[in-house]
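Pulled from TrEMBL:
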- 24-60: region 'Disordered' (REGION)
- 31-41: compositional bias 'Polar residues' (COMPBIAS)
- 73-97: transmembrane segment (TRANSMEM)
- 109-127: transmembrane segment (TRANSMEM)
- 139-160: transmembrane segment (TRANSMEM)
- 166-190: transmembrane segment (TRANSMEM)
- 202-222: transmembrane segment (TRANSMEM)
- 228-251: transmembrane segment (TRANSMEM)
- 279-299: transmembrane segment (TRANSMEM)
- 319-341: transmembrane segment (TRANSMEM)
- 348-365: transmembrane segment (TRANSMEM)
- 377-399: transmembrane segment (TRANSMEM)
- 420-440: transmembrane segment (TRANSMEM)
- 452-472: transmembrane segment (TRANSMEM)
Amino acid sequence: MDDSLARNDPPEKNNSYANAAFEHVEGDSKINGSSGLTESNRQTRKSVGKLERREQSSDESESSWTKLRRNAWLLPLVYSEFWISATFSLITAFFPILASSKHVDAWKYGFVFSAYKVAMLIGSLVAERIVAYKSPSYCYILGQGGFVLFAFIFGGLYWIPDGQILLGLALLFALLGGFTNTLYLVSMFAVVTSKFETHSGLIIASLEILFGSGTMAGSAIGGRLIDLWAYPLPFFVLGGITFLSLPFIVINASKLNQSEGQSTNTEVPDVVGARNWALLLDPVFLAHMVTLMMSWIILGFNEPTLEPSLAELGYNSTTVGNIFTVQFLCYAMGGVIAGTFCHYELGAYYAVIGHVFAIVGYILVGPAPFIDIERSYAIINISQVFIGLGMAAQFVCGYCQALSHVLSRGYPDNINTHSFVSSTVFTFLVFGAMVTAPLAGYLSETLGYRNATMTILGLLTAWLPVMITLWIRSICISRKSGELQKLLH
């Protein structure tokens with residue numbers, strides 16, 4: 001394996017590729033005219049001009065080709081994100097069917113998903129240390145390779161005849177899947193946000209689009225493959241497809257590590273780690289973490305409650321699937337919108353707007369007891385539009401604002417800082433979803449779905465003043481920065 005997997009190699013000179021895809025290179029060739037030229041000189045000048053324009057065009061084409069090759073390392077990452085998301089969707093979509101066929105009760109196999117989330121929480125804490133002591137590529141390859149292994153093993157559960165043995169093995173292997181999945185996620189987000197820090201909003205939004213489209217594709221492909229044979233086939237096929245990108249990532253492992261143009265970290269990992277952990281005492285950083293955690297709190301609430309509430313209305317599986325598709329599509333579109341706002345440094349503003357969208361969604365999805373509206377298919381779909389847009393804004397804007405705040409505090413723009421932020425993000429996300437899911441199921445059973453949604457509505461409404469405060473703070477900082485620029489000029 002490449003030595004770069006076990007350490008952060010120092011960057012080579014004249015080999016910077018950070019943000020190279022956004023650079024614009026212009027030729028500096030120029031022909032100066034003269035009023036006293038003869039006709040022969042003018043023809044010579046025209047010939048030389050055409051020749052130099054052709055050479056300039058060739059140089060620009062070569063430059064574009066160089067930039068494309070320089071950023072080719074991104075293609076396997078894009079491929080992997082889509083297919084890992086597709087494989088991940090198979091677990092929630094098809095494992096309950098397998099467990100039920102082996103006479104495992106729903107409340108029992110629900111612990112498999114809880115184990116997966118617990119492992120994700122552990123992985124989010126460990127990933128940052130792996131990046132610091134080894135390298136981003138080491139953590140990434142360990143995560144993707146481990147998740148592919150998990151997919152093959154989880155598909156093999158089909159041949160376990162006894163339900164209790166199946167449950168025990170599923171719990172064990174869910175720990176492997178959740179742990180390796182988070183290693184992959186933390187290292188991937190750390191790498192891409194560090195390479196394209198000035199475009200982090202668009203990059204994060206792009207990853208969320210890949211996640212949304214991958215999960216939708218995975219469920220559809222998985223159903224068709226199961227119809228062709230049985231439960232194991234989609235796990236084997238999608239796991240194999242995911243594995244195909246791994247050799248290319250190993251070959252280009254050095255590209256995932258720190259590059260020229262970023263701050264070089266010469267401190268020992270323990271010193272860096274101690275300084276990074278001090279961010280957890282920063283109220284602004286924590287506020288941004290809570291904002292993005294809201295997106296997975298909503299996700300954790302929906303998992304055990306939305307589908308049963310729709311079944312009570314008599315909707316068939318196709319109709320229920322369509323409702324979830326509306327949410328996923330709006331989440332993907334919302335990611336593009338949120339990323340654009342973040343790109344133009346309006347992330348704090350759109351985070352408030354998106355949060356209001358989520359509040360409106362939870363007023364409608366029940367609907368809230370204080371409004372006189374009958375629950376209908378149209379109202380539910382409208383609520384999913386607002387919830388999808390809101391979740392995207394909370395995650396993308398919260399992540400970008402947290403990263404910007406950390407760098408504005410003087411933390412180095414290097415892979416260690418980005419990996420710590422990424423690790424903290426997924427720790428908060430998983431914790432929010434893990435705590436919310438069982439609580440949501442209990443409230444829905446005891447109070448009913450309509451009243452249970454009021455807990456999320458109350459939580460979102462209570463957090464809104466904090467987000468407005470963060471927005472006002474960002475306006476004040478921008479004005480101070482503008483005044484300072486005027487003084488300097």
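Just so you know, glycine gets a Cβ as well, placed from its N, Cα and C.
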Checklist entry - When you scan the chain for residues with a C-beta under 8 Å from the transmembrane segment (139-160), skipping those not six or more beyond its ends, what do you find? => result 5, 80, 84, 87, 90-91, 95, 98, 102, 123, 127, 130-131, 166, 169-170, 173, 176-177, 179-188, 191, 230-236, 238-239, 242-243, 245-246, 249-250, 253, 256, 419
Checklist entry - Where among 73-97, 228-251, 420-440 do we find the most Cβ pairs under 8 Å to the transmembrane segment (109-127)? => result 420-440
Next on the checklist: Looking only at the recorded stretches 279-299, 319-341, 377-399, 420-440, 452-472, which one has the largest tally of CB-CB distances under 8 Å to the transmembrane segment (166-190)?
Outcome noted: 420-440
Checklist entry - Same-chain Cβ contacts of the transmembrane segment (319-341) under 8 Å, 6 or more residues past its ends? => result 201-206, 208-209, 212-213, 215-216, 302, 306-307, 310-311, 347, 349-351, 354, 377, 380-381, 384-393, 395-397
